Every structure is written in C-alpha cells, then in structure tokens.
Amino acid sequence: MQNKYLLEMINISKQFPGVKALDKVTLRVRPGTVHALVGENGAGKSTLMKCLFGIYHPDEGEIYLDGRKVKFLNARQALDNGVSMVHQELNLVRQRNIMDNIWLGRYPQSGLFIDEKRMYEETKKIFDELDIDLDPREKVSKLSVSQMQMIEIAKAVSYNSKIIVMDEPTSSLTEKEVAHLFKIIKALKQKGVGIIYISHKMDEILEISDDVTVMRDGKWIDTKPASELDIDTIIKMMVGRDLTHRFPEKDNKIGDVILRVSNLTAKRQPSIKDVSFELRRGEILGVAGLVGSKRTDIVEALFGLREIEKGDIEVNGKSIKISNPRDAIKNGFALVTEERRSTGIFGMLDIKFNSTIANINSYCKFGVVDDKRCQKDTQWVIDSMRVKTPSQKTAIGTLSGGNQQKVIIGRWLLTEPDILMLDEPTRGIDVGAKYEIYQLIIDLAKKGKAIIMISSEMPELLGVTDRIMVMSNGYLAGIVETKKTNQEEIMRLAAKYL
Amino acid sequence: MINTKNIKETLMNNAIYVVLVALLVIIVIMSPDFLSIVNFRNILTQASTRIIIALGVAGLLITQGTDLSAGRQVGLAAVVSASLLQAPNYAYRMYPNLKQLNIFIPILLVMIICGIFGMLNGIVISKLHVTPFIATLGMMIIVYGVNSIYFDRPPYGAQPIGGLDPKFMKFAQGSFNIGGFIIPYLVIYAAIVTLIMWFIWNKTKLGKNMYAIGGNPEAAAVSGVNVAKNLIILYTIAGILYGFAGSLEAARVGTATNNTGNMYELDAIAACVVGGVSFSGGIGTISGVVIGVIIFQVINYGLAFIGVSVYLQYIIKGLIIISAVAIDTRKYIKKK
C-alpha cells in the first residue's frame with residue numbers, strides 16, 4: 001500500500017543554549033508535490049532542514065520516510081536514503097567539469113579506472129529527462145548561476161532522490177530561468193518526487209507549490225493547500241501581524257540633477273555599452289534587467305571597480321574621472337555591493353570596524369585613528385539603522401543578514417555620500433527587515449541623497465523607486481516612470497536587445 | 001554540571017597553552033633548577049631578536065601574506081652591518097682602511113637596505129600579483145645570492161666576519177643593572193619595537209587597513225582601501241624590522257656569515273601561528289605574537305636544559321606547530 005506521505009517530520013523540537021529554535025514543528029510532504037516552507041529569517045526553516053539531514057539532532061520528535069522511521073546521522077546518509085538538498089550557496093567544484101561534479105564521491109569504475117563513458121551517458125540521460133541542454137564535459141566555472149543550480153538538481157536526481165529540498169533556488173535567477181526551473185520541478189513531480197521549496201518569493205510559492213507550511217519563531221503556524229492562500233494571508237501568518245503595506249509611503253522630493261552619465265562604455269566587454277542617464281537629488285532610480293543584462297556593471301563602472309573605455313561622468317555639472325573606489329568616494333559615491341559576504345562584510349571583525357572602515361580617513365590625524373570618534377559614529381550607525389546587536393564589539397558575521405546589511409548601509413552613510421548605489425539591497429533578508437530597509441532608502445532620498453537601486457525583484461522596484469532604467473544585454477533599453485509603468489512593460493524592455 | 005562544561009571549553013579554547021604548560025611542568029619536574037632568574041633572562045634575551053622578526057612577519061600573515069625571505073634578510077643585515085663595524089685594530093677587516101663609524105650609521109643603512117628588499121616584495125605581490133609564498137621564496141634566494149657575493153670577496157674571501165667594534169657588541173650584549181636586577185638592552189629594544197608595532201596595529205589607519213585587507217581583500221578595496229599601497233608599506237616595515245634584527249643578531253653573536261639568519265623565517269612564522277595569528281588572514285594580536293615567540297624560546301631552551309637531543313627537539317617543535325594550528329582551526333570550525 002502506498003503511504004499517504006513520503007516524508008513526515010512530527011513534533012520536532014530543538015533547543016539551543018538560550019533559544020528554542022524549533023518547538024514541536026510538523027511537516028508532511030506528499031509524493032509528487034511541491035511543499036513550500038515559508039517564514040522569516042530565523043523562523044527555523046533551516047534548522048528544521050538541518051534536523052532532517054542529521055546536521056543537528058532534534059531533542060524530540062520523529063522522522064518517517066515512506067512510513068519507515070529514520071534518523072540520519074549526516075547528510076551523506078540522508079543522500080543515500082534519497083533525501084537531498086539543492087543549496088542556496090552552490091556546492092560545486094568549479095574547476096572540474098559537470099559530470100565529475102555530479103558523480104563526485106561515487107565515480108562509476110571499471111576496474112581501477114573511472115568509466116568516463118558510462119559517466120557521460122548517465123549524465124546525458126538525466127539531462128534529457130530534465131530537459132537540460134548542457135554538455136556534461138563543460139567546465140563548471142564556465143556556467144551561469146542558474147546552470148550550476150540545474151547541475152545541483154540533476155545531481156539530486158542522479159541519487160534517485162525521493163525528497164529534494166530547494167533552499168531559495170530562484171534568488172539569483174532571471175524570470176526565464178525561473179520558468180525553466182519550474183519546468184524541471186514539474187518533471188520531478190511527475191516522477192513522484194516530493195519537493196520542499198524554501199523561498200521568500202510569495203508569487204513563486206503560490207505558482208509552483210501544492211501545500212504551504214508557515215513557520216514563525218520556531219513554531220509551526222499552519223499548513224494549507226496553496227490554492228486556499230494569497231500573498232497577504234501568507235505574509236500575515238509569517239509575521240504574525242497585519243502587514244497591509246509591503247512598502248512604506250513615499251514622500252521624497254526630487255531636486256536638481258546631481259549625476260549625468262553619457263555614453264558610458266566599459267573596457268572589457270561584454271559589459272555596458274553607451275549607457276546615458278541622469279540622476280537627481282532625492283530621487284530613487286531603480287535598475288531592472290535580467291541576469292546578464294549587466295546591471296551591476298553600471299555601478300561598478302561608476303565606483304571605479306570596472307575600467308571605462310569611454311563616456312563622461314558629470315557630478316554637479318563637473319566632469320570627473322574615476323579610476324578606483326577612492327576616486328569615487330571622494331566624489332560622493334557610495335556602493336553597497338550585491339555579494340554581502342564576499343565584498344561587503346569583514347565577517348571576523350567587529351561592528352565598529354565594519355562601520356568605520358570606509359570612512360577611516362576622517363578619523364585620522366597623521367595616520368593615527370581617533371577611537372572615540374569611531375565609537376561615536378558606530379553608535380550612530382547602530383541607533384539610526386536600528387541594528388540589533390549586543391555591542392559594538394560583536395563580530396558582524398554573527399548577526400542576521402538584515403542587520404549586516406544595515407551596518408553596511410550605515411558604513412557608507414558615514415562617508416556622507418551624495419549618491420548612494422545599492423545593489424540588491426534586500427537579497428536574503430526577511431520580509432520584516434526588508435520593510436525597514438525600504439524605509440531607510442526612502443528616508444535617505446527625503447534627505448536629498450540620490451539613490452540608484454538595482455534589484456531583480458520587480459515588486460520592490462515598483463514599490464520603492466521613482467524611475468526605473470531597464471538594462472538589456474549591456475544596453476540601456478529605456479527609462480520609465482515607476483507610476484506609469486507595469487511589470488509587463490519592464491519585461492518587454494528587458495528583452496529588447498536579446 | 002555547567003561548570004565542568006565551561007572548564008572543558010576554556011581548556012579546549014586554550015589547548016595549545018595547556019599543552020605547553022604541561023611541557024613546561026615536565027621540564028621543571030625533570031630539572032627543578034630550570035626555574036631561575038638567570039634562565040629566564042637568557043630566554044628573554046634570546047627571544048628578543050626573534051620577537052622583532054616575528055612582528056614583521058605577523059603583519060604580513062594577517063594580510064593573508066607571508067615572508068620566506070625574512071631569515072635571509074636578517075643574514076644580509078648581519079653581514080653588512082658587521083663588515084662596516086669591525087674594530088680598527090682587527091687584523092682581517094673587510095675594509096682595512098675604513099674609519100671607525102658611528103655604530104648607528106651601518107644599523108640605519110641595513111634597515112634601509114632591507115626596507116628596500118621588503119618594498120620590492122610588496123611591489124611584486126601587489127602590483128604583479130605574484131602569490132606571497134612564491135614572491136618571497138624568490139626573494140629569499142635572491143637575497144642569499146646578494147649576501148654571498150658581498151660576503152665572499154677579497155681580501156679574505158668567505159671568512160666569518162668577526163672582530164667587531166666593542167661599542168657595537170655592547171649595543172646588543174650590554175644591560176642595565178638596576179639595584180642588582182639586570183635588564184639586557186636587547187629586551188628593551190624588543191619592548192620598544194613591540195610598543196611601536198602595537199601602536200601601528202591598533203591605533204593607526206595602516207593597522208585598520210591591514211586587518212581589512214586580511215579579513216576580506218575585496219571588501220577592503222570596495223571600501224576605498226588602497227590595497228597595493230598598504231601592502232607595500234607593510235612589507236617595507238617588515239624589511240626594516242629584519243634589518244634591525246639582523247644587526248642586533250651580528251652584535252649579539254659577535255660574528256656574521258652568509259648563513260646567519262638561515263631559517264629564522266620559519267621560526268618566526270611558527271611562533272606567530274602558535275601565538276594565534278591565523279594563516280588565512282585577518283586575525284592576530286601583538287600580544288599573541290610576543291607570547292608565541294617566548295613560548296617557543298622557553299621550549300627550545302628548556303628542552304636543551306634537560307638535555308633532550310637536538311634532533312628530538314626538532315621533532316617536538318614540529319609537533320607543536322602542527323598541533324597548535326590543528327587546535328586553533330578546530331576552534332573556528334566549532335564556531336560555525
């Protein structure tokens with residue numbers, strides 16, 4: 001007899017020193033369905049998954065796989081039993097080719113040698129099944145993020161996984177790639193695989209999932225069929241309060257032109273070509289585009305991180321030259337980068353260090369740093385950005401993503417920039433904290449700062465910005481008034497030069 | 001219950017010190033008269049030049065760099081300073097007609113020479129993007145070659161440079177006697193250098209930038225830190241310290257050859273690592289480095305004191321280095 005549920009996690013609890021991370025959480029996944037797991041960061045989604053994979057051992061509760069009680073001691077055991085995970089941070093060996101990665105740790109052998117031919121054929125078979133058009137012999141480092149993710153999924157399939165956990169699979173995918181991912185997910189459903197889908201993106205969840213389980217503060221809140229839910233209901237369950245406005249009210253006033261960019265072209269192509277735009281004080285200019293549209297290259301070029309071939313940058317009517325971040329900072333630019341972990345934070349170092357490093361020159365007399373003023377400014381960052389931290393001496397790496405982001409934004413505000421560039425400012429941040437970041441951005445615009453905000457989340461661009469410039473394949477496809485546009489128009493522009 | 005857990009954690013976090021204290025206890029049990037003021041003064045004196053070298057290397061380790069040329073630069077500084085500071089009445093002078101110089105002129109000169117070699121290291125690493133290991137490996141060989149050419153020259157060829165100016169020897173071997181309590185000059189020099197370096201690391205922009213570059217080089221560049229400039233300055237400072245240590249080494253021993261300072265960089269790196277400087281950059285303190293060097297010297301001296309064979313000493317030292325890093329790494333893995 002077929003079990004009704006493929007996976008059952010019943011009354012799982014996990015206590016950490018000082019916090020109850022999970023409190024009797026139950027999750028039941030039916031075969032051939034997508035089960036979305038939603039909750040704010042810190043709600044316990046990852047902890048629950050770590051209990052499933054044996055990375056943490058739950059204090060109480062039971063796990064049944066196909067009606068059989070299981071208790072995995074490590075991720076490897078879980079994998080061998082058909083439970084696998086596609087990580088948010090991709091775990092691939094970039095220097096090796098695709099099939100090496102898929103069969104890593106269990107290469108098919110003939111005698112002493114690795115059976116390359118069989119490896120190739122088996123990989124190809126899985127790719128055909130999932131409609132992935134890639135050469136198994138391609139080096140992983142040449143692939144895009146979405147292609148790497150597909151490799152991870154193919155890897156999970158190659159283990160004959162019955163349960164596949166996907167942690168924020170679409171966080172760096174374009175709409176087109178998301179569509180492909182969903183096609184793959186549907187193929188997996190056909191095979192009877194149960195998918196646990198962790199995401200912050202509500203519209204996607206409603207589109208793809210069959211059931212939705214909401215968690216909050218380590219507790220199970222509810223499990224419902226997706227067909228009975230809408231975005232507002234889910235958010236309400238997640239945050240435990242009515243969040244009628246997902247975006248703060250906009251009351252910024254737009255002033256004079258502060259930045260004028262003409263025919264900006266980057267040296268190393270493919271990159272931006274002939275990009276021209278204007279930015280005004282108090283304005284929030286969004287940048288939209290698909291992955292690969294070179295949105296980030298614009299701010300990199302303006303910040304001296306990318307060499308410029310030709311083009312003119314005028315700040316306050318004066319033409320300037322920017323060849324490194326120091327020039328950019330001197331001219332009033334600030335950049336909050338997309339990859340918070342790799343180019344933003346100094347994870348091992350404390351909040352004081354992280355807050356003051358970009359502005360260190362202004363605390364110095366003859367190269368000696370005035371610690372009192374550093375402390376004062378750090379306190380300003382903590383207070384005005386509402387950073388939740390025990391002290392200035394706390395290592396930034398121990399804070400949540402939202403709080404880290406607030407420190408980074410604070411870091412740049414200390415340099416008193418006129419032009420603040422934010423690249424994906426709310427990536428990996430939960431709904432509540434996102435609202436706070438939006439509020440911060442709008443408040444800054446109100447104070448006369450000019451803001452460039454890159455985002456791949458359309459609702460966010462439509463909710464926060466004044467104008468949106470749409471990039472397509474390195475070209476500027478158009479600049480639209482946020483009030484007068486819609487998602488369809490932006491998507492059309494984004495595809496203009498493809 | 002909680003108490004035992006806390007104790008266990010404290011022991012774990014300081015396991016390297018526990019091991020070393022245990023080793024020290026064994027040494028003391030085997031030879032109780034190890035615990036004497038004379039012995040500890042000797043240990044501190046021997047540790048002094050090594051502290052100066054280690055402080056140079058430590059700053060580079062924190063930037064995710066390293067310096068294999070440190071020992072050979074010490075050797076170059078020792079040979080050059082000794083050759084210029086031989087007593088006028090000594091028979092085998094490298095420069096028979098050289099006037100007696102003020103001792104500070106050659107010392108400053110070798111500090112400048114090594115500073116230039118350090119700067120070259122910094123330029124090769126930051127401008128040509130050669131990994132620090134390879135860049136300084138090359139520099140190590142070059143400096144040895146330069147030193148050997150200088151050393152092996154007429155009139156007397158490759159002879160150890162001896163007969164040093166007594167004033168120069170006193171500069172390193174002398175001591176203050178305060179009410180019967182003897183403080184060697186070397187210890188004072190090491191203390192002064194330690195203070196200066198502490199100030200640089202903790203109170204200056206250069207220090208902040210050093211930690212930033214080591215903690216996350218890309219984030220440092222984005223934050224407006226001039227990574228290349230700061231690296232070049234740090235490598236130059238390291239060179240200057242080797243130069244100073246080299247002249248002290250010559251004066252302390254009373255002679256110098258082109259092999260003076262050989263492998264000192266490895267001792268220095270090992271001491272830094274034992275003192276908690278992370279090889280992957282971004283982490284390290286002055287006090288850790290100083291303690292690391294002293295611990296190493298205590299073990300060195302102690303093992304010799306109780307008559308452990310030199311060969312066995314190497315094995316024990318090697319084990320200490322490996323276990324220090326293994327334990328340290330464990331600490332960080334656990335934190336995740």
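Each residue, glycine too, has its Cβ placed from N, Cα and C.
Listed features, source TrEMBL:
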- B:12-31: transmembrane segment (TRANSMEM)
- B:103-125: transmembrane segment (TRANSMEM)
- B:132-151: transmembrane segment (TRANSMEM)
- B:178-201: transmembrane segment (TRANSMEM)
- B:268-296: transmembrane segment (TRANSMEM)
- B:302-327: transmembrane segment (TRANSMEM)
Are there at least 3 C-beta pairs under 8 angstroms linking the transmembrane segment (B:132-151) and the transmembrane segment (B:302-327), leaving out pairs fewer than 6 apart in sequence?
no
If you count Cβ pairs under 8 Å, which stretch among B:12-31, B:132-151, B:268-296 touches the transmembrane segment (B:178-201) the most?
B:268-296
Which range wins on Cβ pairs under 8 Å with the transmembrane segment (B:268-296): B:12-31, B:103-125, B:132-151?
B:12-31
Sort out the residues at least 6 away from either end of the transmembrane segment (B:103-125), same chain, that have Cβ-Cβ distances under 8 Å to it, and list them.
65, 67, 69, 73, 76-77, 80-81, 84-85, 131-132, 135-136, 138-139, 143, 165, 167-168, 171, 231-240, 242-244, 246-247
